[in-house]
Amino acid sequence: MALMLVLLFLAAVLPPSLLQDTTDEWDRDLENLSTTKLSVQEEIINKHNQLRRTVSPSGSDLLRVEWDHDAYVNAQKWANRCIYNHSPLQHRTTTLKCGENLFMANYPASWSSVIQDWYDESLDFVFGFGPKKVGVKVGHYTQVVWNSTFLVACGVAECPDQPLKYFYVCHYCPGGNYVGRLYSPYTEGEPCDSCPGNCEDGLCTNSCEYEDNYSNCGDLKKMVSCDDPLLKEGCRASCFCEDKIH
């Protein structure tokens with residue numbers, strides 16, 4: 001069975017009374033949000049890792065994330081197009097297929113607040129069961145804390161023709177939100193229980209550079225060994241990353 005992704009976006013709006021006489025200041029703020037700046041990259045990565053290590057319930061197999069240049073190029077290209085919808089998969093693929101979170105606002109929100117807004121969907125989420133109410137979005141949260149994601153990068157653009165003219169795009173590699181375990185984005189347990197000897201400040205460091213193309217690779221591997229060329233090609237993470245998080 002091929003893996004299927006669930007994608008969502010989020011928006012934030014300030015009232016008109018707070019939008020007056022701020023254009024020049026906001027242009028400067030937008031420059032300070034540029035993810036070409038090392039300090040901004042560090043803010044984004046540190047915020048993600050801080051949130052990943054403080055999930056509730058605690059997780060045993062969440063990887064530490066790092067910045068990825070190729071993912072940044074893809075995220076910034078999509079932000080620059082100002083198309084307020086998710087990019088096609090081929091536009092967010094590096095050596096891995098990447099997930100995507102989107103955020104739109106009528107003001108230049110800080111990266112930390114954008115990522116926090118995604119994470120705050122956890123308030124409407126019950127681990128293992130899903131949203132507390134019908135129609136509530138939780139997919140941004142589950143992507144932020146997806147266990148096997150270990151590369152992250154983001155881009156931002158000003159889109160003057162859009163009602164919400166600030167467009168934020170983050171790519172997560174490999175992507176999460178797979179149908180089948182959408183509401184279990186990580187394994188519940190004590191931090192790093194799944195990665196003994198490969199732990200840094202509560203997050204695992206034994207990432208896998210490959211990914212599986214099928215959701216049942218674990219079962220297939222038990223039935224047919226990785227000596228089978230088709231299994232080896234379609235289930236590369238299961239075959240080559242036995243002691244790594246994937």
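Keep in mind that glycine also has a Cβ here, set from the backbone N, Cα and C atoms.
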**Cysteine from C170, C173, C239, C241 that Swiss-Prot links to C208 by a disulfide bond** = C241
**Prompt:** Which one of N32, N85 gets the tag N-linked glycosylation site in Swiss-Prot?
**Reply:** N32
**Prompt:** If you measure from the Cα of C208 (disulfide bond), which of the disulfide-bonded residues C192, C226, C239 is the nearest?
**Reply:** C239
**Prompt:** Would you say which of the glycosylation sites N32, N147, N213 has the most Cβ atoms within 10 Å of its own Cβ?
**Reply:** N147
**Asked** When the Cα of C239 (disulfide bond) is compared with the Cα of each of the recorded positions N32, N147, C217, which one is closest?
**Response** C217
**Prompt:** If you measure from the Cα of C195 (disulfide bond), which of the recorded positions N147, N213, C235 is the nearest?
**Reply:** N147
